[in-house]
Amino acid sequence: MQGNNDDEWLFEISSKKGLFELDYKELWHYKDLLFLFVKRDIVTFYKQTILGPIWFIIQPLITSFIQFVIFSRISNIPSDGVPYFLFVLAGNVLWFYFSDCFKSTSEVFKANQNLFGKVYFPRLIMPLAIVFSNLVKFGIQFVFFLGVLFYCMYNGYNVSPNLYTLYTPILLFVMILLALGLGMIITSMTTKYRDLTFVISFGISLYMYITPIVYPTSLALEKLPESLHYLVYLNPLTSIFDFFKYAYLGSGKLDFFGVLYSFIFSVVIFFAGVFVFNRTEKNFIDVI
Amino acid sequence: MSEVILKIENVSKQYRLGQVGTGTISHDLNRWWAKIRGKEDPFLKIGETNDRSKKGDSEYVWALQNINFEVDRGEVLGIIGKNGAGKSTLLKILSRVTSPTTGSIKTKGRIASLLEVGTGFHPEMTGRENIYLNGAILGMTKKEITSKIDEIIEFSGCERYIDTPVKRYSSGMMVRLAFAVAAHLDPEILVVDEVLAVGDAEFQKKAIGKMKDISKQSGRTVLFVSHNMAAVESLCTRVISMRNGTVLSSGNPTKIISEYLQDSSFSERKVKFESISDAIGNANIRIMYASIENASATDKDSVIDVTSTIDFRMKIVNLTNKETISIGYDLLTIKGDVVFGSGNKFNCTIGGVTEVSCQIPSNFLNDDIYQIFVYFHTNDMADLYSNTELLTFEVKDIKRESGYLGKINGIIRPQLPWFLNGKKV
């Protein structure tokens, strides 16, 4: 270590801490830990199972099929001219990624209190690990989605993927920021008062219906009076999902302005999340 | 080369007692309001010393209060104290798990703490995978672990199981693995909390040896918290004794430990009365004085070690009309098992003070708390007086030489002759 100088301290532990103080150097030092956490999450997911990673695919497959039966066959909800199953699968793959990241992040402090109570490492590693290990799961589901997509194209259905698919990483990035930000806010707020956890558990399933997954945005706009249209776009996920569906299915319409709004919204939420997370991590172990 | 590597300045830690509930939020709002107005936290002024056994008025206690000390590079510092003295809180702050309420800690090196059994271990993953994970949690990079993995596996002594999920491990194997990882960490400061209690003799010896190596050869600093005085004394170069959240004393291990033991033992080793009417007893017998003394030491009141010869002394007054009295006692462990009984007949001057004593040999009693149950009979075995809890004393195991640091089994612990090929060793 450095520090021949007597007054040169490596670090100081006290009750004070900067608000947005993010120690990037320290985070970087723990990059291997991040990697190992991701590996742990993935490897342990399918230990002692027979189907292994196939379980990642079964979840969206069955969900989409049920939704296909209920919303398309029974309720006749339109899907902008593309096959409904593919339409809803596209939404589900994105939604599962978002909701898994959000849900796991919102439980970071509670779920890891044993570990956090014993040893120090930058707590931010945990949410980051969640994002990356879910990314692997997303990757598998996404490949499955692409498979269904190609199958539909091959069989002459009306789907037209276009160059906007290149924006996929950006869409994911915005979703990650949003999921992390919201999750970190929730987990910090629920260390002392658990009330919010009850809201989250049903709130997340309600949020799914506000987001255009099982129905196209056009349908929502058609049914709602003009004066309430802004509500549809207030949800930062709306334009992300629309963009994704436009890029891969050629359905709906493109809304760059909406994506920009989502981006700004997510960045603000993310930094707010880092802020409260930082404040909480120092002492949460005393009150959790 | 006494360079200060760790400096603890005015560290205090306040905890709130009771449950978190609706009542808590009013305090939180109060605190927040004070903060907004730039005032001091109103709840920091209150708070009591952390004495677990006494009922206090305040909801707030100070688990630590104004802790100040420095640690030099290469020192092995032992921290001792009763349960609730604040040792673990201090370690938690040092390992950055929680932050102090006031004060600060400055350090020049990376601090790594030895995890409790299996924290950070994932039961489904193999020993090898867990070494990587645990090492990374403790702050090692993958490269560092890879370069040391063979050494770690060898040290843990779990080669055979290394590719088996740790959920199939015994608790001893978990500790071995956890310690092996931490011991190869190379932090400037290693914090070890009460981990040697598990594990067998061989492993404890290895662990203690490794900790000595860490401090001596590589000049690293170790903070060692334990209730095991034998381990603390054999390892540490300096000892800090804590009580109720404050540092009581610090200095030479032998001195501090014996002070601590004296202070913390359960013993009631002496009873003494000035007049016959005050003395315990009845119309037949009065006990003016009774004591348990350490006959091996110059200070008879000093701590009794397993190697000490023990004197049981009594001064009694015979108030019966017969001179011959049979005096005996049973020695019981605190759990109530009778270790032995012993007695004899004495001629005691009627109405006068007689002194009797009995010697319990060294290397006989085990590390435990004992009680003396004394009884008096007439020559023809009629009861005169008995007292079930005349004296209580503790035998400690301080000067143990073998590497094993756990408690040796048994009610008694005699030193028996051993022979090697027929020759006494």
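From the backbone N, Cα and C atoms, a Cβ is placed for every residue, glycine too.
Any TrEMBL annotation is an automated prediction that lacks curation.
Pulled from TrEMBL, these are the features on record:
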| type | residues | note |
| --- | --- | --- |
| TRANSMEM | A:49-70 | transmembrane segment |
| DOMAIN | A:51-280 | domain 'ABC transmembrane type-2' |
| TRANSMEM | A:82-99 | transmembrane segment |
| TRANSMEM | A:120-151 | transmembrane segment |
| TRANSMEM | A:163-184 | transmembrane segment |
| TRANSMEM | A:196-215 | transmembrane segment |
| TRANSMEM | A:256-277 | transmembrane segment |
Positions on the same chain near the transmembrane segment (A:49-70), where near means CB under 8 A and six or more residues out: 84-85, 88-89, 92-93, 96, 137, 140-141, 144-145, 214
Segment proximity, the transmembrane segment (A:163-184) to the transmembrane segment (A:256-277), 3 or more C-beta pairs under 8 Å: yes
For the transmembrane segment (A:196-215): best-contacting stretch of A:82-99, A:120-151, A:163-184, by Cβ pairs under 8 Å: A:82-99
Outside the transmembrane segment (A:120-151), six or more residues from its ends: residues with CB under 8 Å to it: 22-23, 26-27, 30, 33-34, 37-38, 41-42, 53, 56-57, 59-61, 85-86, 89-90, 93, 96-97, 100-101, 104-105, 108, 112, 159, 161, 172, 176, 179-180, 183-184, 248-249, 274, 277, 281
Long-range neighbours of the transmembrane segment (A:82-99), counting only residues six or more past its ends (CB under 8 A): 59-61, 63-65, 67-68, 71-72, 134-135, 137-138, 141-142, 144-145, 148-149, 152, 157-159, 171-172, 175, 178-179, 204, 207-208, 211-214, 216, 237, 240-241, 244-245, 248-251
